[in-house]
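Quick notes on the structure that follows.
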Amino acid sequence: MERSLLPEPPLAMALLGPRFEAQTGGNRSVLDNVLPDMAPLVNPYWSRFAPMDPTMSKILGLFTLVILIISCCGNGVVVYIFGGTKSLRTPANLLVLNLAFSDFCMMASQSPVMIINFYYETWVLGPLWCDIYAACGSLFGCVSIWSMCMIAFDRYNVIVKGINGTPMTIKTSIMKIAFIWMMAVFWTIMPLIGWSSYVPEGNLTACSIDYMTRQWNPRSYLITYSLFVYYTPLFMICYSYWFIIATVAAHEKAMRDQAKKMNVKSLRSSEDCDKSAENKLAKVALTTISLWFMAWTPYLIICYFGLFKIDGLTPLTTIWGATFAKTSAVYNPIVYGISHPKYRLVLKEKCPMCVCGSTDEPKPDAPPSDTETTSEAESKA
């Protein structure tokens, strides 16, 4: 597709009439480049803004390409290692595998489309691909957050409940994954059948749910969607980690107090080494989840700006929010690759050049010496 296929500036005036010149003062608008088949989907609000600087489009395109490569390579390796290694296919790791697969699909379905549109400085793939792009973003984003929610619950069950908890089996893990995907599909298809819709946003290089239309239909969807796909998982994750942190802190305090009474520095047995390993995994999961919310919260705020008619929403703001949200798919393979000893061992066997640092496993059958501190034991886990 050549740039000559892009529409001429009068299209924006034809679409909005006198209001175009009133809002732009005769200057160019982001609607100047919009294709005719996309024009009916564009909210008139965006007509007041000038096109984004071509240099910024190139920067965004390059940034998107970089995170695409990092994410697809990282998540692809995680899927390969966890999926192809029998010893790593535990119930808990199936949730990690599901998360990595979702993140991989997120970037594979979103980033190439964004890069194409950054090149043309508008959406050039038509209404159908607008729906597909936005639906994929919604689907895989929902799967990712609920996968993290289930990971948090698994850590809660292991660390807080301990022997009183019900161990997660392969069957239970598969049922949880099936639930995650069914719920994600439900929220994804709603805008396709009439509850809200998928439309171009900001500088018209990406599509998302309609958060600008002042009608109850799209507003009710956004409120309900954010309740079930953002706030509910956030509450459940915070609940899980509140008790995880409290349990770990109480355990460590009891260990220190008892060690003082016995005039030693550590009381860790082989069982406690396993406990420390579980605590380490909980810290990894908490870090991953925190990074995910740091990536997606700005975009939620952008949607709420449109929902509640708050001034200050610009095309550049929306596209940076949408682009930054994609970085959530980059964090997980990095965090797990650095912090999961068994993952690192298998990765070293299959791809030695991909591993940096030591891959020594903890030795739970030999308890730490009396001179070994609690923090040292935890670092080995």
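Including glycine, each Cβ sits where the backbone N, Cα and C put it.
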According to Swiss-Prot, the disulfide involving Cys130 connects it to which residue among Cys72, Cys207, Cys238, Cys273?
Cys207
For the transmembrane segment (134-153): best-contacting stretch of 57-81, 173-196, 315-339, by Cβ pairs under 8 Å:
173-196
Over the topological domain 'Extracellular' (308-314), what does the predicted model average in pLDDT?
81
Determine, to the nearest whole angstrom, how far the Cα atom of Cys207 (disulfide bond) is from the Cα atom of Lys326 (N6-(retinylidene)lysine).
14
For the transmembrane segment (94-119), sequence-distant contacts whose Cβ falls under 8 Å of one of its Cβ atoms, 6 or more beyond its ends:
57-58, 60-61, 64-65, 67-68, 71-72, 75-76, 78-79, 82-83, 125, 129, 132-133, 136-137, 140-141, 143-144, 147-148, 150-151, 154, 170, 173-174, 176-177, 180, 204-206, 322-323, 326, 328-329, 332-333, 336
Give the residue from the disulfide-bonded residues Cys130, Cys207 that has the most other Cβ atoms within 10 Å of its Cβ, counting over every protein chain displayed.
Cys207
Helix, strand, coil residue numbers for the topological domain 'Cytoplasmic' (154-172) per DSSP?
14 helix, 0 strand, 5 coil
Rounded distance in angstrom between the Cα atoms of Lys326 (N6-(retinylidene)lysine) and Asn27 (N-linked glycosylation site):
32
